[in-house]
Structure formats: structure tokens, C-alpha cells
């Protein structure tokens, strides 16, 4: 019996398997899944749609402030429109790190993310969940994998969706995202204090979910 809300934070770089593991874990536990990366992608999509320069931080912040982003399971809605597929396009992946490193944008979205998580048992994944968004989360995990494996996964994902892309291009894109994510001034990608580190390079999705689930059960004496 869960008497208080449980927060599970899953962080890690691009292609480490965060979203896949978080979705499966949330389903297994019956928790709400919150994809914070999708929220940054939604803002990026709107910025590109409105032909706003990525250097115009003031207008980008205004977009973040005025946009209505809601999540329903794995579906993402921007101002009432389902943009779940559109935000996964390569052009969004290429630009999202530029938008997400703007401090005011992060501040606005962190508030939205905390509000969504209020009063719920949640599994939230992103790049600053255990450090900034939910620093008091009872469970923190940091997933990682080799650069080559992360690029391979993203390449396969795009290929399966019918997107024409070269592996080398995906590899370069992930290198750039790693650099931006780790080097940004606000909420850089770091391993949260007390987080359980899992290298997913040679593990299947199911094996990672099992490790996370067992760690949670062990620390709650099987109550979850």
C-alpha cells in the first residue's frame, strides 16, 4: 500500500534508453509517465513553425511562456494539437538542445513539469530530473551507454520510421547534443547524487527495466 506519492527520476544522455525504460516501468507500476524531453521538443517545434531565429532568446522564452503543453500517456499536445509524431522528426532533434539550454525556457518548463507531477506517483525522464526538477525523488537512476551504441539505437529508430539518414550523421548529432547538454550553464547533464548508474550498452530494454524495478522493490521491501 503506497501512502505517499512516489517519484522516480530517470536521467541520462540522448539514446541511453531513458524514455523506453521509463514508459515500461510506469506501465509496470501503474504510475504516470512524464516525458520532459517531449516538452522541450514541442517548444522547439513551435519556434520553427513560427520561423523564429534560434538566436532570438527573448521570443523563444515568450513561446515557452505562452504555450499550452499537456501530456496524455505517450501523447504530446501543443496548444491542443497532437504533435507526438512531429516532435520526433530529425530537424527537432537537431535543434532542441539549442532551445533547451536557454535558462528562462528551462525555468518555465521545470515549473510545468513539477505541476504535472503534483500529487501523483510518477516516472519522469529527462536530463535534469534528479538534480533540478525532482531533487527529492525517492528513486534516482542514471542510464548511459557508449556513444556508438546510442547512435546505433537512434539510427535504427529513425530508419524504422522511414527516415532517410546516415549512421555517421546520427553519430555526429549525438556528439553535439552530448556537448551542449553537458556544457550548458543551467542544469547541465550530471549524475544526480545518490543515483543508481546503469550502463545499458550490452543490455536489452527488458533487462534494464528489470534492474530498475528490482532496485525499487529492494529499497521498498517489496511494497511497490
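Indices start at 1 and increase along the chain as displayed.
Cβ coordinates are placed from backbone N, Cα and C, and glycine is handled just like the others.
Among the features that Swiss-Prot reports, ATP binding site is placed at 12, 13, 14, 15, 16, 17, 18, 19, 20, with the record citing sequence analysis.
Here the features listed in Swiss-Prot are placed on the structure.
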residue: 12; record: ATP binding site; contacts (Cβ under 8 Å, 6+ apart): 18, 125, 127, 142, 143, 144
residue: 14; record: ATP binding site; contacts (Cβ under 8 Å, 6+ apart): 93, 150, 154, 174, 177, 178, 181
residue: 16; record: ATP binding site; contacts (Cβ under 8 Å, 6+ apart): 143, 144, 145, 150, 200
residue: 20; record: ATP binding site; contacts (Cβ under 8 Å, 6+ apart): 205
Shell list (ATP; ref centroid = CB of 12, 13, 14, 15, 16, 17, 18, 19, 20; cutoff 8 A): 21, 125, 143, 145, 150, 200
Residue 18 (ATP binding site) - helix vs strand vs coil (DSSP): helix
Around the Cβ of residue 18 (ATP binding site), the count of other Cβ atoms that are within 10 Å: 27
